[in-house]
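Colleague: After the structure tokens below, expect a handful of questions from me.
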Amino acid sequence: MAIDPTVCAASNTPFVSVTDEGYFNDNEEEILFSTHTIFRIEQIKPIHDDHTDRLWQVNLTFTGNDDNKLSTLTTHLREDLSRATGWHRFGEILIRLGDPAKAEHLYTILLEAASSDEDRTGYYQQLGRVYSRMGEYSKALSNYERSLQIDKIALSSNHPSLATSYNNIGLVYDSMGKYSKALSNYERSLEICKIALPPNHHSLATSYNNIGLVVYSRMGEYSKALSNYERSLEIDKIALPPNHPDLASSYSNIACVYSAMGEYWKALSNYERSLEIYKIALPPNHPWLATSYNNIASVYYNMGEYAKALSYFEKAHEIWKKSLSPNHPNIATVKENIEIVKEKL
């Protein structure tokens, strides 16, 4: 653990060494930190233990108020989360931390207690997101459509909230493989966003990104997909801080197209840029990190670099085991991929 005294002097996060104050006189070199202390993870490596071989050394570096990248991202996320209040905000945090089961429990309780349509439509939206991340697409679609029905009555025809609903419904159809319905909803969302929002608004980037996704997935029109993905990335570079997770998603989607085109080095470069951002922006066991490792592994496999592919597949497996339910299809798929790669070695 590395702590720069000059960083600490400028920080509002105190810590204290209690090496000589502990109950046991065993040179533990204990340090007490405030609960909101933030460290950068510099390196994680195994400690070879003759008994369990389950110990890992994690090298951490203390960050202070002068960490501009962290400050920019934190400010943006704080502003983003400030749109919700109370338990609604807590549920949003649970979703972003990759814990949809707890978020589902919370939003179900909030929905039952809701006293206005404005609250209900928000909770339906959040439950739609939760069920989508859990792979329960019919439930996700049902909740999104209930939210849309309420908003169509209460809001104008070009209100941004309607664009959000159409976009989310498109995402579910996309995941279900119903690409024509997905594209129709994405395009409706984009139409509203162009009317209701400024040209560099993040929601426009989301619409371009999702159209790129379905055009690539359904029709294999790689040039159109790249055009939409790059337009999305261009907007988000203006609208978002440099280490925002949505930028990582854009790089990952661009990489996916390059991989399908057989341009593996370009794919690898974009996947690695995506992974760099996720490592900064997300907790270490977030399922999106596992997706990044899995994608990089697939590229290495296609390049014939099987040892590297195996390493990344195993990293993906370790995270998914901790962050997904045991019967999630991603776990079965990555285990199968690990066995396929082992046969190549």
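Any Cβ shown, glycine's included, is placed from N, Cα and C.
Dumping what TrEMBL says about this protein:
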type: REPEAT; residues: 121-154; note: repeat 'TPR'
type: REPEAT; residues: 163-196; note: repeat 'TPR'
type: REPEAT; residues: 248-281; note: repeat 'TPR'
type: REPEAT; residues: 290-323; note: repeat 'TPR'
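Describe the structural surroundings of these features, if you would.
Modeller: Taken together, the residues in the repeat 'TPR' (121-154) have a mean pLDDT of 94 on the 0 to 100 scale.
Packing against the repeat 'TPR' (163-196) from elsewhere in the chain are residues 125, 128-129, 132, 135, 137, 140-141, 144-145, 147-148, 151, 203-204, 206-208, 210-211, 213-215, 217-218: each is 6 or more residues past its ends and has a CB under 8 Å from a CB in it.
Secondary structure of the repeat 'TPR' (248-281), assigned with DSSP and counted as helix (H, G, I), strand (E, B) and coil, comes to 31 helix, 0 strand, 3 coil.
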Colleague: Against which stretches of its own chain does the repeat 'TPR' (290-323) lie, if we need a Cβ under 8 Å and a gap of at least six residues from its ends?
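Modeller: For the repeat 'TPR' (290-323), the far contacts come to 98, 248, 252, 255-256, 259, 264, 267-268, 271-272, 274-275, 278, 284, 330-331, 334-335, 337-338, 341-342, 344-345.
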Colleague: Using DSSP, what is the helix/strand/coil residue split across the repeat 'TPR' (290-323)?
Modeller: 31 helix, 0 strand, 3 coil
Colleague: Taking a Cβ cut-off under 8 Å, which residues six or more beyond the ends of the repeat 'TPR' (248-281) line up next to it in the same chain?
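Modeller: Non-local partners: 40-41, 69-70, 73, 205, 209, 212-213, 216, 220, 222, 225-226, 229-230, 232-233, 236, 288-289, 291-293, 295-296, 298-300, 302-303.
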